[in-house]
Structures are given as structure tokens and as C-alpha cells.
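Student: Following this message is one structure expressed as C-alpha cells.
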Amino acid sequence: MAAGGRMEDGSLDITQSIEDDPLLDAQLLPHHSLQAHFRPRFHPLPTVIIVNLLWFIHLVFVVLAFLTGVLCSYPNPNEDKCPGNYTNPLKVQTVIILGKVILWILHLLLECYIQYHHSKIRNRGYNLIYRSTRHLKRLALMIQSSGNTVLLLILCMQHSFPEPGRLYLDLILAILALELICSLICLLIYTVKIRRFNKAKPEPDILEEEKIYAYPSNITSETGFRTISSLEEIVEKQGDTIEYLKRHNALLSKRLLALTSSDLGCQPSRT
């Protein structure tokens, strides 16, 4: 009898604690509210406009360099004959080299800008687009740096052997044209990739993989030998996924706590 009384008291305590729990007494949040707060929102990459602006500036610079070099300095590179002495007291080649340095600085700033936004989108779980453009976004700056190295060698040769001045001008203009072609190809490929990504508006990679694994017939077998590069990519992908899940869980916990607090605050206090 005593044991039965204790069991009844225990059940009464549990029932009373459940009834007094405000979280259990709170109403469930509607489904659309949960989706609005917990579904990751897509943020497009805003780098396409800046990339297009830079390659347009690059194109204008090369065209002006060709016009200035051919019209002002091509007949005799040792004598600048620009109308109105626009480049005075600097020579035409000096103005072209200074413009090239400014263009390299713009490419450096672009690379930093792209890296900043790509790091942000990597933190949101889009590791595939980050890895697919990791080397592409740096290639334009590498091309500009390589061109600067070649121009420096040309200027050194011109300083030691100043006689074939017209040849040096031809080499400088040829390097500028080659840089323009290579940079435009890289930036065009990058622009196409980012535009497709922004247009598709995909969910984070881990959610996209869940959709794929929901249909086993679409999964190809990967048994057999794996190369070292493949293993490195798998390890890097797993690390990125773990980091994303940690940040996502922390964000969901904060949002859930905020929603619960706001829902409890809207309810009238129990008497």
C-alpha cells in the first residue's frame, strides 16, 4: 500500500511538472514560420558586376595604349609626337608602364574582393562553387604579374641596348595584347560559372546531396582504386561539411531560442 501511494505521488508529480512546463504548454509554431526561419536563404555572389567592370577597364587601357604608342611614339620611339604634348614631361612608354601598374593594383583589389565573398559563401555551405573557382579567380592576377615580369625584363634590355627602340615598343604592345586575351578568357569563364550559380539558386551542398541520395538509382558506384588527389578532395570536403554543420547548428539553436522566447512572451501569463 505504501509503495502504491509513492507511485501515485510520483505520477502526480510528473503530471504536475508537465502541466507547469511553459515550453510544453506553448503552442507549436506554424509550418510556414519554421520554414521561413530555419530554411537557409540563398545569397547570390555580387562579384560579376565588378569583374565585368574591370575587364572593360582593361580593354579600354589596352586600346588607349595601342593608339598612344602607334600615333605618338611608333615612328620614332625616342621622340614622342603626341598632339598637345599630353604625356609631357613623361614619355609614352613611361605612361603605358604606369597604367599597367595601376591595372595590376586593380586586379589585386579584385582578387581580394572575390576571395572575401567566396569565403563567406563557403561558410554558408557552398563548398563546390568555392573549389571549382579557387584557382580560376586567382589566374587573372597571376597573368598580370607574369606580364609585369616580362615588361621588367624588356625595360632592362632597353636600358642596356637602347638602339632597337621600335622593337621594344612592339614587344610591350604585344605583351599587353596577350595579357588582355588571357585575362578576358579567365574572367569570362569565371563570370559564366558565377552567373549559372546565381541563376540556379541552389541550397547548401549537404542539402543538395541529400536530394541525390534520396534516389539511389542516380548514384554511380565508386568502388575501386582512388587516387591521392581524390582522397584529398574527399577529406577537404568532409572538413568543410563538418565546419558548415557546426555553424549551422549554432545558428539554428539561436533562432530556435529566439522563436521560443518570442512565442512565450506573446502568451498571457498563467494565473
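Glycine is treated like the rest: Cβ placed from N, Cα and C.
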Student: Which residue from S11, S17, S119 is recorded in Swiss-Prot as phosphoserine?
Tutor: S17
Student: Going by Swiss-Prot, point out which residue in Y126, Y130, Y213 is annotated as phosphotyrosine.
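Tutor: Swiss-Prot records phosphotyrosine at Y213.
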Student: Of the residues S73, S132, S229, which is given the phosphoserine tag by Swiss-Prot?
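Tutor: The phosphoserine feature in Swiss-Prot corresponds to S229.
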Student: Per Swiss-Prot, is L90 on the side of the membrane where K120 is?
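Tutor: Topo match: no.
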Student: So which of S230, S253, S261 shows up as phosphoserine in Swiss-Prot?
Tutor: S230
Student: Take a look at 47-67, 94-114, 139-159 and tell me which one has the most Cβ pairs under 8 Å to the transmembrane segment (172-192).
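Tutor: It is 47-67, which has the most Cβ pairs under 8 Å.
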Student: Restricting attention to the topological domain 'Cytoplasmic' (1-46), give the mean pLDDT.
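Tutor: That stretch averages a pLDDT of 52.
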